[in-house]
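K.L.:
Sharing a structure here in C-alpha cells format.
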Amino acid sequence: MSKINVFLEEKMMPVAGKIAAQRHLQALRDGIILAMPLIIIGSLFLILGFLPIPGYNEWMASIFGELWLTKLTYPVTATFDIMALVATFGIAYRLAEHYKVDPLSAGAISLSAFILATPYFTMFTPAGAEAAIEVTGVLPIALLGSKGLFVGILIAILSTEIFRYIIQKGLVIRMPAGVPPSVSKSFVALFPAAIVIIVVWLLRLIIEVTPFESLHNIVGQLLQEPLSVFGTTLIGAIVYVLLVHLLWVCGLHGAAIIGGIMGPIMLAATDENRLALQAGTEIPNIVNAQFFDIFIFMGGSGATLMFAIMMLIFAKSQQSKQLGKLAIGPGIFNINEPIVFGAPIVMNPILMIPFILAPVVMVISTFVLMHIGFAPKTTGVAVPWTTPPIIGGILAAGGNWRGGMMQAINLVIAFAIYYPFFKVWDKQNLQLEIGTESDKEN
Amino acid sequence: MNILLCCAAGMSTSLLVTKMEDYAKEQGLECRIWAVSANEVNDHVDDADVLLLGPQVRYLLPKMKKIGEEKGIPVDLINSVHYGLIKGDEVVKFAKSLIVS
C-alpha cells in the first residue's frame, strides 16, 4: 500500500468512523431528513411562482388576479418556513430512539421546549410610521424556519438528553400495581417533561435580561452566522468536497458523514436564497445544498457520470465495458456505488486522483461563473439529489436554462480531468485480460 | 428467507435487490429482499432473518450488530467487490451462509 493509503486507512478511517457513529450527529442527520420531503414539495410551488419568463408575472396576474403569487406560495410557508419545527421533532425522535426511550414523547416535549425558547412577539412597522411596534400574540414565522434551525437542533438535543437521563435514572412517577400499564405509561413522561420545560423556561428568563434578549439571537450571532459565513465561502466549499471525497476514497459514505455537520448550514443557506427570491432582493449564497448536489456531485460523488460514459464508449477492456453498462443507469440518477466499489475508486492510486480533483475544480468553476453572473445562482429550490444532470441544473436555477448550461460546462471539465486516468486504468485492465487469456492458452 | 439490506439512503442497495431477487427466483428460493436507509432499520428489522450493510456505511456495523443481537439475527457487511459489481448471486449465497451458521 502506498503512503497515502496507509494514511487514509490508519488516520482518517477511525476518526471518520467516530464522527459518523456519534449519536447526536447521527440523530441530527436522520432528524433533518424529516423536513426534506416537505421542502421539495414546497419547491414545486416556488418554481411556479418565480419562473424567469418575461411577462410571466403579468400573464399570471391577468388570469388569477393581483394576489396570485401570495396565494400560490401559501404552501411554501407551510413547508419551508416550518423546517426548524419539523427538524426539532425529528432530531428528538431519532435521539430518543437511540436511547430506547419513548420517541414520540421526546419529540412532543422538544417541540414545546422549542416554542418556549422562541419570543411570542414580532416587530412590525406600520405603513407611514417612524418606529416599529411590538405585536404580541404571534410566533415569528421566520424563527420557525431556517433562522431557527440551529436553536431547534440545540433544543432537541438538550431536551432529549434531560428526558432520557431522568428516565434512565428511574426518576419517574410510578403508579401502584393494579393501575393499567397504558395509564401508568402516560405518567412516565410527565416528570421528565416538566423538568425540560422548567430548564428551558429558566434559560429564557435569564437570557431575556441579557443584551441578547433571546436564545435565537445568541445562537444566531455566535453559532449560525459564523458557521454559515465560513461554510458558504469558496474555501469552505473546497474543504467540504475534499473531506467528502477523501472519505469516499476510504470506501465510506462521505456525504452522509460530513452531512451531519454541514447539512444544517447548507440547508439554511439554501433557504436564505429562497427568502431573498420571495422578497425580491439579491440572492446571497452561491454555496448551498444545491450547489453541491446538483452542480458538483454529477453522477454521484466524484462527478463520475463522465467516467461512466467513457467506460461505455471508449473502453477497450471487457471489464471496463461491463462496468460501464452496470454504472450508467444508476449514474444518470447520481448513484455511483458500482463505480466506487466496482472499478474500484476505493484505495485505487490512479482513479482516486480524478475522483478528488474533478469535484474541487468544478467547485471553483461553478463558484467563479456564478460569482461573475455568467451562470445563475440557485434560487432556493430544493431539487432532489437524484435528479438527472441538466434537468437538475435548470430546476435548481428556478427554471433558468443557464443552470443546465453550468452543469454542461462542469461535465466537460470532469471529462477532461478523468480521461487521461481512464486511459491508464483501462489499459491496465486490458493487459490483465490479455494476460489471463494467454495463461489459458498455455 | 427475509433479507434486509441497508445503506445511507437505501438507494444503491436497491440496485442489488433486483439482482438478488433474479438469482433467488432462478434457484427457486422463497425470498423477500428489500432495502432501506440506515434510519429505517429499526422499523424493518423485526421482519428480517438477516441484515446486510453496504460497505460505505460500515461505520454503522457496531450499532447494527447490537440491534441484530437483540433480535437474534446475523448482521454483516456486503463484500465491497460483490457490492460494486452488483453480484446478486454472491450476496444471496452470503446471506444464506450467515443464516445457516
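Keep in mind that glycine also has a Cβ here, set from the backbone N, Cα and C atoms.
This is the feature table in TrEMBL:
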DOMAIN    A:8-421  domain 'PTS EIIC type-3'
TRANSMEM  A:32-53  transmembrane segment
TRANSMEM  A:73-96  transmembrane segment
TRANSMEM  A:108-129  transmembrane segment
TRANSMEM  A:149-167  transmembrane segment
TRANSMEM  A:187-207  transmembrane segment
TRANSMEM  A:227-243  transmembrane segment
TRANSMEM  A:250-269  transmembrane segment
TRANSMEM  A:289-314  transmembrane segment
TRANSMEM  A:326-346  transmembrane segment
TRANSMEM  A:352-374  transmembrane segment
TRANSMEM  A:381-398  transmembrane segment
TRANSMEM  A:404-422  transmembrane segment
K.L.:
Below 8 angstroms Cβ to Cβ, which residues of this chain, lying six or more residues outside the transmembrane segment (A:227-243), approach it?
P.N.:
254, 258, 262, 265-266, 268-269, 272, 285-288, 291-292, 296, 356, 359-360, 363-364, 367
K.L.:
How about the transmembrane segment (A:73-96) and the transmembrane segment (A:149-167): do they have 3 or more C-beta pairs under 8 A, pairs 6 or more apart in sequence?
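P.N.:
Counting Cβ pairs under 8 Å (6 or more apart in sequence), the transmembrane segment (A:73-96) reaches the transmembrane segment (A:149-167), since there are 3 or more.
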K.L.:
For the transmembrane segment (A:149-167), which recorded stretch in the set A:32-53, A:187-207, A:250-269, A:352-374, A:381-398 gives the largest number of Cβ pairs separated by under 8 Å?
P.N.:
A:187-207
K.L.:
Could you check whether the transmembrane segment (A:404-422) and the transmembrane segment (A:250-269) come into contact, where contact means at least 3 Cβ pairs under 8 Å with the two residues of each pair 6 or more apart in sequence?
P.N.:
no
K.L.:
With CB pairs under 8 Å as the measure, which of the listed stretches A:32-53, A:108-129, A:289-314, A:352-374 comes out on top against the transmembrane segment (A:326-346)?
P.N.:
A:289-314
K.L.:
Are the transmembrane segment (A:187-207) and the transmembrane segment (A:289-314) near each other by the rule of at least 3 C-beta pairs under 8 angstroms (pairs 6 or more apart)?
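P.N.:
They do not touch: fewer than three Cβ pairs between the two stretches lie under 8 Å.
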K.L.:
Hey, which of A:108-129, A:250-269, A:352-374, A:381-398 has the most Cβ-Cβ pairs under 8 Å against the transmembrane segment (A:187-207)?
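P.N.:
Per the Cβ count, the answer is A:108-129.
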K.L.:
Do any residues, 6 or more residues outside the transmembrane segment (A:108-129), come within under 8 Å Cβ-to-Cβ of it, and if so which ones?
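P.N.:
Answer is 84-85, 88-89, 91-92, 135-140, 143-144, 148, 151-152, 155-156, 158-160, 163, 189, 192-193, 196-197, 200-201, 203-204, 213-216.
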K.L.:
State the non-local partners of the transmembrane segment (A:250-269) in its own chain: residues 6+ outside its ends, Cβ under 8 Å from one of its Cβ atoms.
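P.N.:
Apart from its flanks, the transmembrane segment (A:250-269) reaches 8-9, 12-13, 16-17, 19-20, 22, 25-26, 28-29, 32, 35, 83, 87, 146-147, 149-150, 153, 224, 227-228, 231-232, 240, 243-244, 285, 287-289, 291-292, 297, 301, 340-341, 346-347.
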K.L.:
If I take every residue in the domain 'PTS EIIC type-3' (A:8-421) and average their pLDDT values, what number comes out?
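P.N.:
Mean pLDDT, the domain 'PTS EIIC type-3' (A:8-421): 91.
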